[in-house]
Each structure stands twice: as C-alpha cells, then as structure tokens.
Amino acid sequence: MPAGGFSGSHGGTEFEAKVTTAVIISCIMAATGGLMFGYDVGVSGGVTSMPSFLKEFFPVVYEKTQQHAMDDSNYCKYDNHSLQLFTSSLYLAALTATFFASYTTRVLGRKLTMLIAGVFFIVGTVLNATAVSLLMLILGRLALGCGVGFANQAVPLFLSEIAPTRIRGALNILFQFDVTVGILFANLINYGTSKIAGGWGWRLSLALAGIPATLLTVGALLVDDTPNSLIERGHLEKGKTVLRKIRGTENIEPEYMEIVEASRIAQEVKHPFKNLLMRQNRPPLVIAIMFQIFQQLTGINAIMFYAPVLFNTLGLGNDASLYSAVITGAVNVLSTLVSIYSVDKLGRRVLLLEAGVQMFISQMVIAVVLGLNLGDNTNKMSQGTAIVVVLMVCTFVSSFAWSWGPLGWLIPSETFPLETRSAGQSVAVCMNMLFTFIIAQSFLSMLCHMKYGIFLFFSGWVLLMSLFVIYLVPETKGVPIEEMTEKVWKQHWFWKRFMDGVDEDRKGKDVV
C-alpha cells in the first residue's frame with residue numbers, strides 16, 4: 001500500500017514513483033546487513049576488554065592489564081598483535097571476499113549475494129560463540145569477514161537501485177543506520193554480559209550476533225531482486241513486474257526502458273574491472289577509492305573498535321569504559337537519523353563539510369586534554385577531564401555518523417554507471433576493508449607509540465579530506481542514478497575533462 005508519492009525528473013522525462021510498502025520492507029530487510037556489520041564492530045571492542053576473555057585467549061595481555069608496575073605505559077596496556085588480529089582478521093577476509101561478491105552480485109543478483117552473506121554470518125557466529133582456541137576464534141572472525149564482504153557489496157547497490165530517486169539517499173543510509181544500531185546493541189550487550197558470574201558472558205555476546213545474521217538470511221529469502229539486476233541478467237518480464245510493484249504505478253515504461261538501455265550497455269562490457277580504468281569512469285572510481293580511504297583515516301573505527309579499551313586507557317574502570325562505549329553508541333545511532341532526514345534536503349556536500357569542522361575541533365581538544373593529563377606513567381585525569389574526553393568523542397562520533405559514515409557508502413553506490421556498478425562497488429568495499437584492516441591491526445600499537453599524538457594524526461587527515469570535498473566532490477542530491485554522467489560529471493569544473501567522447505563510447509564503440 002503506497003505511503004506517499006512523487007514524480008522524479010529524469011533527463012526531461014517524468015518517472016512516476018510512489019514510496020510503496022514493498023520498497024520500505026525490502027530496504028529494511030536488506031539493511032539488516034548493516035546491523036550484522038555494526039554488531040561485529042561493536043562486540044569485538046567490548047569482549048577484548050573483558051578480563052575473562054583476555055585470560056582465556058590472550059593471557060599475556062591479561063597479565064599486563066592486571067599489573068600496575070611503574071614502567072608500564074598507560075598507552076601500551078593492550079598493545080598486542082594477536083589481540084589486534086582478532087579484530088582485524090574480519091576485515092582481511094572481507095577484503096578477499098568482495099572480489100567474489102562482485103561476481104555473484106553481477107551474475108547471480110543482489111538478492112542471492114545477500115543470502116550468501118547471511119550464511120557466512122551464521123557460520124562465523126557459531127564458531128566464535130563455541131570457540132575453545134584462538135584458531136577457532138580467528139576462523140569464526142574470518143567467516144564473519146566473508147559475510148561482511150558479500151553484504152557490503154550487495155546491500156548498498158540493492159538499496160540505491162530499489163529506492164525512488166528523491167529518497168534514495170535516505171533509504172540507502174538505512175544500511176549505515178543499522179550499522180550504528182548494531183554497534184549500540186553490541187555495547188549494551190557487552191555491558192550486561194560483562195557482569196555475568198563465571199566469566200562466560202563473552203560467549204553470549206558473540207552468540208547473539210546470530211540474531212541479525214538470521215534476520216539478513218530470512219530477509220534475503222523474502223525480498224525481490226532489484227529491477228536493474230533482473231533486467232541485466234535477462235529476466236525482462238520479471239524485472240518489469242518488480243518495477244511496477246515497487247513503484248506502485250502502471251506508468252513504469254519510461255523508467256523500464258531507461259534500465260533496459262543501461263542493461264544493454266552493461267552487457268557489452270566483457271571485463272568490468274578493466275572497464276573501470278576507462279577515462280570516463282575515472283571520476284567515480286577516484287571518488288569511491290578516496291572516500292573509503294578517508295572514511296577510515298577519520299579515526300572512527302579506531303574509536304568504535306576499541307572504545308572500551310580506549311576509555312580504560314584513559315583511567316576509567318572496566319564498567320565505566322563499557323558504559324562510556326554505550327553512550328557513544330547511542331550518539332552514533334541518533335546522529336545517523338540526522339543524516340537520513342537531511343541528506344536529500346541539504347545535500348551531501350553540506351553534511352561532509354560541516355562534519356569536517358566538527359571532527360577536526362573535537363580531535364584537537366582530545367589531543368590537548370590527553371597531552372596535559374595522561375603521560376606514560378602518570379595519570380592526572382580527574383573525573384571532570386575524563387568526562388570532557390567522553391563528550392569530545394561523542395562530538396566526533398556524531399559528526400561522522402551524519403557525514404562520512406553513511407555518505408562513504410551512499411556516494412560510491414550511486415555514481416557508477418550500471419555497466420561498472422558492481423565492479424566499482426567491489427573496489428570501494430575492497431579499499432574500505434583494506435584500510436579498516438590496517439587501522440584495526442595497527443591502532444593499539446599506534447596508540448602505544450604516538451600516544452595522544454594519534455588524535456593529531458587523524459585530525460590532519462580530516463583537514464585534508466575536507467579540502468578534497470570542497471574541490472573535487474560534486475553534489476548528487478536528487479540526480480537520478482542513471483543520469484550521473486550528464487547531470488554530474490559533465491557539469492563539474494574538473495571531472496568534465498574526463499567525459500570527452502563518452503556518448504560515442506556508449507552508442508557504438510566496442511567496450512572492453
């Protein structure tokens with residue numbers, strides 16, 4: 001039953017589309033992949049701060065956290081490569097899986113790729129919850145990583161293709177919103193399970209990942225694939241039926257023909273990854289790659305992975321650390337709602353630039369406070385200064401949650417043409433996972449060696465990425481997904497130079 005309607009301008013033709021129940025249900029189901037991803041991000045930081053978990057799998061770290069020797073640095077309590085590998089192995093697997101996911105997304109469809117992701121998530125959850133050795137624990141994380149690779153490849157494409165143009169940004173950000181909800185749930189569950197007597201609470205934390213894993217798997221079985229994917233794979237009548245269903249109108253012929261034409265061009269592409277290197281595909285490719293690199297170099301995942309560990313380092317007790325992580329998780333969720341509301345009203349660039357200022361200031365304040373109060377072997381952090389740090393972390397998290405978090409996935413998923421969309425999304429996911437792995441594997445060591453300077457390091461990158469947005473990121477608000485070349489790239493002061501001859505290539509040249 002339609003919840004509302006509008007007409008979207010598309011190259012001079014009006015594409016009638018209503019916000020139907022089918023669209024809303026499909027998007028909510030698909031976005032549960034973000035819930036699983038977020039839960040995995042949040043749960044790892046919580047369990048690695050639990051003494052019982054450290055004692056069983058990382059006894060060296062456990063001993064360091066229990067000792068209070070004068071030569072023990074406040075910044076180096078958790079500096080352990082095996083501990084970092086527990087967190088980062090997920091992203092190494094995701095990096096590898098995304099190349100296979102590009103193939104399944106294109107050849108088997110978005111729906112089946114989400115189903116594969118759900119199965120991997122379930123297998124990984126079972127291995128982690130029943131782990132009796134570090135190897136079993138890592139294998140579980142690797143399976144979860146494969147799920148992340150497949151889900152992050154398929155879900156943003158699914159959401160961008162099924163959503164009507166006017167609310168494409170808001171519906172796509174459901175994925176990031178579910179990521180933040182997953183992180184919050186993980187923090188809340190970690191806070192509760194850390195109090196379970198007997199030291200087995202970490203198993204429950206890891207086991208409860210099975211809930212979002214099951215939701216994604218069941219959801220993937222129930223939803224229809226996108227019209228774009230169905231038509232691209234030759235199911236023209238099915239694609240038209242689904243398009244009629246999700247648009248809530250019989251007047252779908254103009255949009256259907258647009259998708260058919262885009263599909264025809266896509267079929268000519270024999271090697272989509274090689275096609276990505278063609279001159280006209282460089283603008284979306286460069287922006288997709290840089291967005292993934294910059295997203296991680298904001299420092300957000302360093303904070304979200306290790307929030308309890310970080311707050312422990314600042315001198316807060318274990319309970320206070322988990323409690324502070326819950327606060328930042330709640331801020332993350334609420335701030336993502338701001339993005340859902342404003343992304344299709346204010347546009348992408350406004351959110352990115354405002355957040356750049358907010359993230360830069362908050363990280364500079366954190367660096368100054370830590371530099372003045374937390375030395376290698378001294379801790380002059382009062383309760384008041386610790387609260388200031390928590391508030392600044394929340395300020396940083398909030399600005400990221402309505403900008404680089406959701407837009408880092410939205411913009412790449414909506415700017416590639418259909419013929420390179422799966423390959424482009426695969427490159428974006430790959431770069432994201434690569435730099436997530438690097439940050440996850442190195443943050444605790446960086447914190448040990450750079451101390452408070454690590455926040456100066458991240459703030460410098462925030463300044464650089466804001467300049468990148470000012471000069472090189474075009475506005476894509478309200479632009480139909482198949483019209484990016486004409487309405488965005490050909491109009492941009494810098495990127496338009498790469499669009500010479502694009503029409504000729506599309507009309508008749510052999511595409512490699």
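Residue positions begin at 1 at the first shown residue.
In case you wondered, yes, glycine gets a Cβ from its N, Cα and C as well.
Per TrEMBL, the feature domain 'Major facilitator superfamily (MFS) profile' maps to 26-477.
Taken from TrEMBL, the feature transmembrane segment covers 21-39 (among others).
Long-range neighbours of the transmembrane segment (83-103) within the same chain, counting only residues 6 or more positions beyond its ends whose Cβ lies under 8 Å from a Cβ of the stretch, are 40, 44-45, 48, 54, 57-58, 61, 113, 116-117, 120, 134, 137-138, 141-150, 152-154, 272-273, 305-306, 422-423, 425-426, 429-430, 433-434, 436-437, 440-445. The feature transmembrane segment is assigned by TrEMBL to 83-103 (among others).
Within the same chain, residues 33, 36, 57, 82, 86, 97, 101, 104, 142-151, 154, 203-204, 206-207, 209-210, 212-214, 216-221 sit at least 6 positions outside the transmembrane segment (115-136) and bring their C-beta atoms closer than 8 Å to a C-beta of that stretch. If you look up TrEMBL, you'll see 115-136 (among others) marked as transmembrane segment.
Outside the transmembrane segment (142-159), and at least 6 residues removed from its termini, the chain residues within Cβ reach (under 8 Å) are 26-27, 30-31, 33-34, 36-37, 40, 89-98, 100-102, 104-105, 110-111, 113-114, 116-121, 123-125, 127-128, 168, 171-172, 174-175, 209, 213, 216, 226, 409-410, 412-413, 421-422, 425-426, 429, 432-433. According to TrEMBL, the transmembrane segment annotation covers 142-159 (among others).
What TrEMBL records for 171-189 (among others) is transmembrane segment.
Here TrEMBL flags 201-223 (among others) as transmembrane segment. Within the same chain, residues 25-26, 29-30, 32-33, 35-36, 39-40, 43, 46-47, 50, 52-53, 111-112, 114-115, 117-119, 121-122, 124-126, 128-131, 140, 144, 147, 151, 182, 186, 189-190, 192-195 sit at least 6 positions outside the transmembrane segment (201-223) and bring their C-beta atoms closer than 8 Å to a C-beta of that stretch.
According to TrEMBL, the feature transmembrane segment maps to 285-309 (among others).
Within the chain, the transmembrane segment (321-343) has long-range Cβ neighbours (under 8 A, six or more residues past its boundaries) at 42, 45-46, 49, 169-170, 173-174, 176-177, 180-181, 183-184, 186-188, 190-191, 194, 303-304, 307-312, 351, 390, 393-394, 397-403, 405-407, 410, 477. Look at TrEMBL and you will find 321-343 (among others) tagged as transmembrane segment.
Taken from TrEMBL, the feature transmembrane segment applies to 350-372 (among others).
Beyond the transmembrane segment (384-405), the same-chain residues lying 6 or more positions past its ends with a Cβ under 8 Å from any Cβ of the stretch are 176, 179-180, 291, 294-295, 298-300, 303-304, 307, 311, 314-316, 324, 327-328, 331-336, 338-339, 342, 351-352, 354-356, 358-359, 361-363, 365-366, 369-370, 373, 465. The transmembrane segment annotation in TrEMBL covers 384-405 (among others).
Positions annotated as transmembrane segment by TrEMBL: 426-446 (among others).
The transmembrane segment annotation in TrEMBL covers 452-473 (among others).
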Message: Using Cβ atoms and a strict cutoff of less than 8 Å, what residues sit near the transmembrane segment (171-189) while being 6 or more residues removed from its termini?
response: 23, 27-28, 30-43, 46, 155-156, 159-160, 162-163, 204-205, 208, 212, 304, 307, 322, 325-326, 328-330, 332-333, 335-337, 339-340, 343, 401, 405-406, 409-410, 413-414
